[in-house]
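Per TrEMBL, the features are as follows:
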REPEAT    150-178  repeat 'ARM'
DOMAIN    253-526  domain 'ARMC5-like ARM-repeats'
REPEAT    356-398  repeat 'ARM'
REPEAT    480-504  repeat 'ARM'
REGION    605-664  region 'Disordered'
COMPBIAS  623-637  compositional bias 'Low complexity'
COMPBIAS  638-649  compositional bias 'Basic residues'
DOMAIN    693-767  domain 'EDR1/CTR1/ARMC3-like peptidase-like'
REGION    793-816  region 'Disordered'
REGION    852-911  region 'Disordered'
COMPBIAS  876-911  compositional bias 'Basic residues'
Amino acid sequence: MGKKVKKEAEPPPKDVFDPLTIESKKAATVVLMLNSPEEEILAKACEAIYRFALKGEENKATLLELGAVEPLTKLLTHEDKIVRRNATMIFGILASNNDVKKLLRELDVMNSVIAQLAPEEEVVIHEFASLCLANMSAEYTSKVQILEHGGLEPLVRLLASPDPDVKKNSVECIYNLTQDFQCRAALQELNAIPPILDLLKSEYPVIQLLALKTLGIITNDKEARTTLRDNQGVDHLIKILETKELNDLHIEALSVIANCLEDMDTLVLIQQTGGLKKLLSFAENSTIPDIQKNAAKAITKAAYDPENRKLFHEQEVEKCLVALLGSENDGTKIAASQAISAMCENTGSKEFFNNQGIPQLILLLKSDSEEVREAASLALANLTTCHPANAKAVAEADGVDPLVNILSSRRDGAVANAATVLANVAMQEPLRAGLQSHGVSSALLGPLRSANTVVQSKAALTVAATACDVEARTELRNSGGLEPLVELLRSKHDEVRRHASWAVMVCANDELTAVELCKLGALDILEEVNLSVSRKNKFSEAAYNKLLNNNLSLKYSLTGYLSSSDIISDGFYDYGRINPGTKLLPLKDLCLQEPSDQRAVLLVNSKSSDVSPPPSTEDKSSDVGYGRSISSSSSFRRASKEKTKKGRGKKEEEKVKEEEEVSTLPKLMGEGSPEKEWYPPFDPDFRVYVYEVTKSIFPITNIKEQIEVLARYVAEKMGGKMSKEKLHNFSWELHISELKFQLKSNVVPIGQIKKGIFYHRALLFKAYKKWYTHNPGCYKAVHFHPLAPSPPIQGQSFPPLPTNRGANSSFPPSNGGECKCPATTHCLAPRWLQKLRAALMPDMLSPPRSVLFQTLPDVPDHPQNVHPGRKEHSTTKRRRRRRREREKERKKERKKERKRKKRKKTKNLEI
């Protein structure tokens with residue numbers, strides 16, 4: 001046999017690279033290997049990078065700096081499963097870094113990651129792909145990308161995966177996505193609630209916790225609650241609460257139940273299965289504060305429904321809430337207070353908390369936590385609203401002091417709630433008096449100046465409730481509370497403006513406070529508000545009228561009438577009608593003006609600037625009788641004056657006259673030293689009139705006779721009665737002009753006028769009412785408003801008076817019957833009343849219509865002012881309203897016509 005010859009190994013082909021084993025100790029080198037075309041090198045490089053990234057956050061940042069993310073994104077779509085799996089594992093780890101998340105969003109790799117969730121992929125790929133999505137879904141932009149690329153459906157499918165890590169990552173990602181309402185709607189379409197409920201049976205607490213958190217968000221929607229109930233989800237939740245070993249899940253389970261209780265059908269189901277009693281006992285007996293807090297929140301959410309409140313009241317939920325108020329945890333106290341606030345809508349619950357809940361809430365008002373004080377004050381505000389017994393209980397439990405202290409809190413909600421409680425307490429008169437001793441008015445200054453509209457509104461409402469007493473208004477005025485209150489009238493918020501107007505109306509009951517409000521500009525602001533259709537309200541109109549009642553001169557100039565309850569006093573002046581929005585000059589400025597051709601300003605003032613006794617006329621009027629004796633007393637005084645003048649020479653008479661003019665002029669003009677205070681011009685003649693009327697006419701016991709005598713007295717002082725034939729010789733305009741020239745002013749005291757027409761006589765008649773206090777029926781029995789034109793007398797015809805109001809209106813007589821007094825027809829009033837009219841307003845004082853238009857102010861017809869508060873005749877109002885409506889319709893038609901022509905023109909141009 002021949003000897004065996006050993007075969008020599010064939011040399012490798014010349015074009016093949018010999019295998020090379022490299023051991024790298026630098027991450028940069030491995031990152032470079034990610035660009036290799038060899039699958040084995042890519043797989044080993046990815047495996048090395050994965051182990052390196054697991055070691056810490058610093059290594060993740062290093063890989064980002066080395067540029068490993070971009071080549072890795074390309075490997076997610078590699079053909080080799082091992083390379084694709086290792087790359088997915090790396091992204092699952094790297095995605096927890098915020099900088100990596102930002103870069104991944106820019107590279108738009110979401111579609112590649114979601115593709116790894118395909119059913120044919122390995123479980124490991126599912127695990128790390130879902131982990132990557134869970135980390136990425138914490139950002140809002142990533143949520144949008146996941147939804148846009150259809151990532152929600154594979155995530156819901158993976159909830160049924162056998163691998164617990166896949167379940168955990170998938171439900172965590174879904175939980176993050178449910179923060180967006182669009183995702184919740186998509187989950188409902190995908191029927192995701194049943195697989196999430198199945199996760200409650202998992203052996204891993206972290207999966208159960210994430211499932212409960214997800215259900216807590218999903219069940220905010222009504223449809224989701226229905227689906228949960230249909231899939232027996234409530235039973236699963238109750239079982240979790242009954243299992244002590246799952247106490248770490250009780251908080252989240254209560255959150256889901258809180259949402260479910262908002263649904264009436266679910267609440268009935270829980271009650272039928274005995275779950276509601278278990279829930280209440282569980283909340284009351286639990287020692288974990290968070291569990292008690294969530295149980296109270298569950299009751300709060302459910303109590304917003306009336307049927308649920310009724311059901312809770314039957315289960316005596318109030319006892320549980322009162323027990324929770326005694327918890328040591330602030331969160332539990334806040335939740336219990338909020339639940340009481342919600343239950344207050346039930347009348348039975350309000351009555352229950354009267355004895356057992358209010359004292360505990362008042363103790364919470366003294367807590368160091370502002371959140372607790374706010375929640376307790378909210379509960380008290382709801383308890384005392386429309387419930388006087390609870391308001392009384394708050395006052396009796398010494399709750400006023402802590403409420404006043406809360407008014408200075410930094411939390412707007414607490415301040416608004418405290419102000420509401422104080423307003424509810426002040427609504428009761430016996431309790432309102434005790435509030436002033438606690439300094440409520442001073443404490444309201446801060447809330448009135450708040451920038452929060454709710455606080456402003458509640459503070460103004462509290463002022464309106466507490467300022468019903470003189471002491472409260474005085475304290476508010478002295479503490480400077482009127483200024484911020486007036487500023488609230490300018491608010492653009494309707495409720496703030498309404499409550500501020502209400503408060504101003506209440507404060508205007510005090511004359512001093514009303515004067516101060518006018519000085520601060522409240523009257524001007526209210527006038528501006530009432531001119532606006534959108535801003536005015538009933539309270540602003542009432543406040544404006546209330547302030548006008550304390551400034552009768554302005555009221556008469558604006559409205560043209562005064563009611564029988566408006567008693568003019570010294571300093572009243574009739575300037576004439578002014579237009580809305582026009583400011584009425586003060587009396588001082590009018591007195592300092594030079595005489596002009598304008599209408600004379602009539603002044604009523606019997607008060608002298610110096611404190612001197614009234615001019616004695618006792619010797620002149622002591623023998624004056626009643627009725628006709630007045631004219632005889634006047635003639636007696638004239639005769640005595642004539643006798644005195646006869647004994648003097650002409651020079652002496654002129655000298656005395658000049659001295660009288662010189663002595664009277666400074667008083668009328670109000671001139672004096674600059675250091676002295678200015679006083680209105682003194683009217684000595686009117687003072688004498690008042691003295692004579694007081695001594696001779698007011699003692700008459702018969703009211704009808706008293707009024708007739710007074711009317712004749714007024715007519716006599718104003719020139720007496722004169723027939724129509726001699727009307728042209730009356731010359732009242734010339735007489736007024738002479739007085740203006742003599743006094744060097746447009747202001748003419750009413751007592752100086754010896755020739756006056758109807759409105760001069762009416763003002764003089766009205767001026768006497770100030771001294772009617774001992775016999776108020778004297779004026780009211782007439783039902784006649786002196787500051788309005790007189791109606792015609794039966795059998796006589798008069799020219800119509802200038803007025804922009806209705807011509808026909810009713811004139812109720814004193815006997816209670818109905819009397820119609822049209823301005824152009826005959827009067828059907830009683831005979832004695834006609835005599836009064838004839839005496840006070842003789843027919844010769846009705847000048848031609850042209851003269852009236854030129855000389856008289858624009859005054860309303862007399863029937864407007866018969867009773868206080870009587871409004872304009874309804875017929876006239878309807879006419880005006882129809883006229884305005886027709887004008888609006890015409891404007892609309894014209895506007896439509898213009899638009900139609902414009903469209904037609906545009907169409908023609910286009911053609």
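Including glycine, each Cβ sits where the backbone N, Cα and C put it.
Keep in mind that what you see is a predicted model, and the values were worked out from it rather than measured.
Proximity of distant same-chain residues to the repeat 'ARM' (356-398), defined by a Cβ-Cβ separation under 8 Å and at least 6 residues beyond the stretch ends, is recorded for 318-319, 321-322, 325-326, 330, 333-334, 337-338, 340-341, 344-345, 350, 406, 409-411, 413-414, 417-418, 420-421, 424-425, 427-428, 431, 434. Counting residues per DSSP class in helix, strand and coil order gives 32 helix, 0 strand, 11 coil for the repeat 'ARM' (356-398).
The average pLDDT computed over the repeat 'ARM' (356-398) stands at 91. Within its own chain, the repeat 'ARM' (480-504) is flanked in space by residues 441-442, 444-445, 448-449, 453, 456-458, 460-461, 463-464, 467, 513, 516-517, 520-522, 525-526, 529, 535, 537, 539-540, 542-543, 546-547, which lie at least six positions past its ends and keep a Cβ under 8 Å from the stretch. Residues of the same chain lying 6 or more positions beyond the ends of the repeat 'ARM' (150-178) and with a Cβ under 8 Å from any Cβ of it are 110, 114, 117-119, 123, 126-127, 130-131, 133-134, 137-138, 143, 184, 186-187, 190, 192, 195-196, 198-199, 202-204, 206-207, 210-211, 213-214, 217-218.
DSSP places the residues of the repeat 'ARM' (480-504) in helix, strand and coil in these numbers: 20 helix, 0 strand, 5 coil. With DSSP states grouped into helix (H, G, I), strand (E, B) and coil, the compositional bias 'Basic residues' (876-911) comes out at 35 helix, 0 strand, 1 coil. Each residue of the repeat 'ARM' (150-178) gets a DSSP state, and the totals for helix, strand and coil are 23 helix, 0 strand, 6 coil.
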